[in-house]
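See below for the structure under consideration.
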Amino acid sequence: MEELQDDYEDMMEENLEQEEYEDPDIPESQMEEPAAHDTEATATDYHTTSHPGTHKVYVELQELVMDEKNQELRWMEAARWVQLEENLGENGAWGRPHLSHLTFWSLLELRRVFTKGTVLLDLQETSLAGVANQLLDRFIFEDQIRPQDREELLRALLLKHSHAGELEALGGVKPAVLTRSGDPSQPLLPQHSSLETQLFCEQGDGGTEGHSPSGILEKIPPDSEATLVLVGRADFLEQPVLGFVRLQEAAELEAVELPVPIRFLFVLLGPEAPHIDYTQLGRAAATLMSERVFRIDAYMAQSRGELLHSLEGFLDCSLVLPPTDAPSEQALLSLVPVQRELLRRRYQSSPAKPDSSFYKGLDLNGGPDDPLQQTGQLFGGLVRDIRRRYPYYLSDITDAFSPQVLAAVIFIYFAALSPAITFGGLLGEKTRNQMGVSELLISTAVQGILFALLGAQPLLVVGFSGPLLVFEEAFFSFCETNGLEYIVGRVWIGFWLILLVVLVVAFEGSFLVRFISRYTQEIFSFLISLIFIYETFSKLIKIFQDHPLQKTYNYNVLMVPKPQGPLPNTALLSLVLMAGTFFFAMMLRKFKNSSYFPGKLRRVIGDFGVPISILIMVLVDFFIQDTYTQKLSVPDGFKVSNSSARGWVIHPLGLRSEFPIWMMFASALPALLVFILIFLESQITTLIVSKPERKMVKGSGFHLDLLLVVGMGGVAALFGMPWLSATTVRSVTHANALTVMGKASTPGAAAQIQEVKEQRISGLLVAVLVGLSILMEPILSRIPLAVLFGIFLYMGVTSLSGIQLFDRILLLFKPPKYHPDVPYVKRVKTWRMHLFTGIQIICLAVLWVVKSTPASLALPFVLILTVPLRRVLLPLIFRNVELQCLDADDAKATFDEEEGRDEYDEVAMPV
């Protein structure tokens, strides 16, 4: 039950994040328009803009108690609110921050006593004694108390205020009741306290034990003001009394734990009554003051009526759970979208308008800082990129002097090296070593250095990727079939690539990335994942065919240059190495976001999961000396992978025979296909890294980066090296590693970004280190290919994370009652959701068929046809609101660890 409650609190807390709702503290002009399908706001017009006189509020609830040691009455801190609620346990430790849960009767009773209570606005007092005297005088004037009760209540209000750090010295406390003589009698709480009270007074496992005042103080904004809520029982009173005081200026009354000036004071006192729990009334009042809309109304109210009006609005947007058992965790989590709708109503000040965010992708006239805005001039976008980004060049160097940058270099080096080795080994397999590990490492190093020095967004990590591997395999097969020199054909493709990118940049073609929606991205990513998984098992089957399991073997097999017959245990060991690498990498990825060990240790282990997995399985293979496994082919030093087939410079007219003239011109077609792949990956990666929530300040440059990446790839082909693209997962990981999260965040709330170390040195050093890795031939040559197959399988499986298409395919096999509460399930009929999924599956099947035929070179062209399919045909089948839900880019940037989520969940692009 505790886990269920924690999950519910996490989901509800997510709804309070400012980026999802119109926050009253943010000017309306800065907020996004509400979605078209949202219910219109209620007629009540709440304050939705910040007022110059409003502040963040720290709320403290204190109860009237008696200490066990001195038998003296005092006010004891019981709970506090800094956006979320924290309760003080009996052992003096604070419970974990959580969303406040209120009983229905406490809200009704609070409204009743508030209706009859005393309200003092803009009181000109600077001491607690002055406030208490004026409040009691008003109580008497409004006939809330008798004159003879004044002295007893004044004495009570001026009692000593104690806090969490004093609890142990007091020997504990117990609830007390104020009587006429001042002697304690019955407990403040009823003898049979409710389950609600027990729940909130318990110290949870995730408690924040040892929170010092200074520790909590740095979580509170500097200009915050405090609200003090005092609750207690006084038997001599005839009825409950409530006093609400707003001081004209916040004053240091020395009544709360923190040195925060007090602006508001709630006093709730009264006699014992059958259905009144003053602690719960105090919690309700404190929660009310911590709520954003009521807080602003409390600052701006000019009468009791305005406060009651805001209280009614608070009640209108509160949920009531009936006293029934939740049949499942899913049933409780279904409250989240209901609460989201209530929050929208409360935070919106005008009727809902059509959502413009869905059409943002088609807005070709962005703001003045929009890097995709067209200028209408040749190379106008490129010039704007240079003018926008290069003035920061000096700071790109100086900002790198930070320990965090050094840590990011080490981390990203391994993140870039592992796929470079993996793809290099597989590229050598596909091309008969005409390009392999050495070419890919050198290409990654040289292009990485140039991009780090000249790129507009130096946080992008350029590297080889799955789609490029698929193209290389298809083009190699095409050349083999037609008797063409593969490595020479790539040179002509490189020439055409340079021409294409110059034309596209000249006419500002980068704006076309706006038309590529999640629909196309997910089909692309899913296809590459399937290819990764298929190729892994295809290679494993090939090993079993070459080294079948049989009863007897010929042990006199010639081993040079490769085994000339089947060998014992080779297939089984290859299976173990592949599966072991995959499972170790998967487990370490999950371990990163688990709850074991301190967060820093988890992140270190998880971030280096792939290199650790490779190292473990290489050691396993190393210690099994009597079983053969095929190793990675790496030349010694600065040499090409196959020196008998090529050198470092490729002659454009042919190496062994004259290259056909018709193919020189026909290479424009495969060049266009390569350009499509690089354009898709690089531009979408730039969009993801440049999301506004990442709070980067130096900007990016789509045109400049595209020119560099494609241009460098075209030149690299002349030297027989692979062309590269901006890699999505590695780039997002790089940006996350350089993101500095602020410490002054609300307890229990998500950390806020303080800054991002936008600089060029980390990318530069990573590229240099990758290049130097070519000298690691003695180590690299010991890596079995089966280990790389395991990493290949890992990349295929992890690429499925965050792909909504994969989630919807799984829903095809689940009854509707087990479907999650997400927009594309809740707002779209099930059969129409499955229809959308079916259309994507058909597109995927067509792409797979194309990939499996001799026409596999045309794969990128067929892929790009899904863009007009999405933009032209699907709107004829699905309503606008359905497409918003099914094709929305709702992935959130991942900065901090969250169980079950990482960078792979943020992107819908292949690895």
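Residue numbering: from 1, along the chain as shown.
Cβ coordinates are placed from backbone N, Cα and C, and glycine is handled just like the others.
If you look up Swiss-Prot, you'll see 1-403 (among others) marked as topological domain 'Cytoplasmic'.
Here Swiss-Prot flags 1-26 as compositional bias 'Acidic residues'.
If you look up Swiss-Prot, you'll see Y8 (among others) marked as phosphotyrosine, on the strength of experimental evidence.
Residues or ranges marked as phosphotyrosine by Swiss-Prot: Y21 (among others).
The annotation phosphotyrosine is assigned in Swiss-Prot to Y46 (among others).
Per Swiss-Prot, phosphotyrosine is recorded for Y359 (among others), and the stated evidence type is experimental evidence.
For the topological domain 'Extracellular' (428-435), residue counts in helix, strand and coil come to 4 helix, 0 strand, 4 coil, using DSSP. Among the features that Swiss-Prot reports, topological domain 'Extracellular' is placed at 428-435 (among others), with the record citing experimental evidence.
As annotated by Swiss-Prot, topological domain 'Extracellular' applies to 477-485 (among others). Here the topological domain 'Extracellular' (477-485) has long-range neighbours at 654-657, 659-660, 663, 670, 854, 856-857, meaning same-chain residues at least 6 beyond its ends whose C-beta is under 8 angstroms from one of its own.
The feature topological domain 'Cytoplasmic' is assigned by Swiss-Prot to 507-518 (among others).
Under the heading topological domain 'Extracellular', Swiss-Prot lists 542-570 (among others).
The feature topological domain 'Cytoplasmic' is assigned by Swiss-Prot to 592-602 (among others). For the topological domain 'Cytoplasmic' (592-602), the number of residues in each DSSP class (helix H, G, I; strand E, B; coil) is 5 helix, 0 strand, 6 coil.
Non-local neighbours of the topological domain 'Extracellular' (624-663) in the same chain are 421, 425, 428, 432-439, 442, 484-485, 487-492, 495, 543, 559, 562-563, 567-570, 573-574, 577, 717-720, 774-775, 777, 780-786, 788; each lies 6+ residues outside the stretch with a CB under 8 Å from one of its CB atoms. Per Swiss-Prot, topological domain 'Extracellular' is recorded for 624-663 (among others).
The topological domain 'Cytoplasmic' annotation in Swiss-Prot covers 685-700 (among others), and the record cites experimental evidence as its basis. When averaged over the topological domain 'Cytoplasmic' (685-700), pLDDT in the model lands at 82.
Taken from Swiss-Prot, the feature region '(Microbial infection) 5ABC region' covers 720-761.
Under the heading topological domain 'Cytoplasmic', Swiss-Prot lists 738-760 (among others).
Taken from Swiss-Prot, the feature topological domain 'Cytoplasmic' applies to 801-838 (among others), supported by experimental evidence.
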When secondary structure is assigned with DSSP, how many helix, strand and coil residues does the topological domain 'Cytoplasmic' (801-838) contain?
24 helix, 0 strand, 14 coil
Determine which residues of the chain contact the topological domain 'Extracellular' (428-435) at the Cβ level, with the cut-off under 8 Å and only residues 6 or more beyond its ends counted.
469, 472-473, 476, 486-487, 539, 633, 641-642, 645-646, 720-722, 785
Could you put numbers on the helix, strand and coil content of the topological domain 'Extracellular' (624-663), residue by residue per DSSP?
3 helix, 1 strand, 36 coil
